[in-house]
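The block underneath contains the structure these notes are about, expressed in structure tokens.
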Amino acid sequence: MNEQIKTDALNSAHHLMVGGVDTLTLAKKYQTPLYVYDTGAIRAEIAAFKQVFEENHVDYQISYASKAFATVAMYQLIAQEHIHCDVVSGGELYTAQQADFPMAAVSFHGNNKSLAELTMALDAGVGTIVVDNFGELRQLTTLTTQRQQPTTIMLRIAPGISAHTHDYISTGQADSKFGFDLDSGQADQAIKAAQAAPYLKLVGIHCHIGSQIFEVNGFEMIVDKLVSEFARWQRELDFYPQIMNVGGGFGVKYTAEDHPLQPTDFVDAIIKETRAQTAAQQVPMLEIWIEPGRSLVATAGMTLYTIGDEKDIPGIRKYLSVDGGMGDNIRPALYQAKYEAVLAKNPALPAEQVASIAGKYCESGDMLIWNQQLPATAPGDVLAVLDTGAYGYSMASNYNRNPRPAVVFCEQGHSQLVVQRESYADLTRLDLPLSVPEKTK
Ligand SMILES: *Cc1c(COP(=O)(O)O)cnc(C)c1O
């Protein structure tokens, strides 16, 4: 059986289960394509992170990078688990507000926050604004001074280190649109400007070196570099950061080819390196913040599709088409991301065919999986593409005017609709009719 599936994930009828609910029941009840989440698995990931920090007796904060998957119910779940969250736009902030997420536990990120977004964040009273560049720093200084509103900030820096990962999703190197460059002295300049701003309270430094990282090495390099800068900043700038925010990017297992560490292994290494370096550099032990996105939700989610038409080209390839595709999961087309799929009615059946899973969108690149081993399939069978919980729904589009799928949370045998399926009426809701009258003949 596919090793991505947990051993207890089949019921007595051999159907694939999620959060104790039969996926075939879900497909029938909510239709396909459908995003389904095992929310117990998300809670377990959060608990595992907390445990490492607590066992190591360090001050910490876990801030869910909500761009991985953001809906009202998801912010509510995060609030139930008493961790923080990151938002990167007015829209994510608004969604968190709709969820009554505690604003003090929000960090606001982004490399081009608009005046309206900064004002919205100040009105909302978000806990931390992570300032990305000089323009934003000036704007925020002006705003907070006008409003006489004390505001906690961190500075995002580009540490000149990139994690070994795909170019499009690698963000820590010097040549990046994100953050104040460290080596050229921009970070020092930003610290001085923040210190001079009467209402800004600079509590820490943030960096995020990339995504889907498989080695602790990049994080250890970050810690080494940051702590030595912290020591220098104490000496030269009288700046004593309390918080070191090392971002997210902890890799997850999408296919049998991926061999990630446990997310908690990263944290363990980060804590140990921070202890060692702060002691060596005579810097007080820091509060460590992490921002996991993908690792909290990716493997907790899957997408259910119904198999439709097939095309078998003798000696070349067999295509199985499903009722979704790049509109609900752009990652294969965007990043050549790899997934695995199983037949929901019995994932344990032996493979009898190799098929490539095509979406229904009008692009040849709309392929979800190449060369998937599967048992025999027939039109109408439900196919589960595994581990789609991160950057699936959050990157979904209405390309080809396909409605976006619904989202269902499952836990302890109960399912709950948390995002409705879009209707055709939703698709034209914002459209306005042509106002120019037809030419008179
Ligand atoms: C995207 C992002 C994250 C989360 O990255 P994952 O790879 O999903 O863990 C964390 N912090 C920042 C600033 C990000 O932009």
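Cβ atoms are placed via backbone N, Cα and C, with glycine included.
Residues E291, P292, G293, R294, Y391 are recorded by TrEMBL as pyridoxal 5'-phosphate binders, and the candidate that the same record lists for that site, out of G249, G325, G327, G359, is G249. You'll find the Cα of E291 (pyridoxal 5'-phosphate binding site) roughly 22 Å from the Cα of Y335 (substrate binding site).
When the recorded positions R331, Y335, C362, E363, Y391 are checked against ligand 1, none has a Cβ within less than 6 Å of one of its atoms. When pLDDT values are averaged over the domain 'Orn/DAP/Arg decarboxylase 2 N-terminal' (41-298), the model yields 94. The Cβ of C362 (active site, proton donor) lies under 8 Å from the Cβ of N400, each of these being in the same chain and 6 or more residues away along the sequence.
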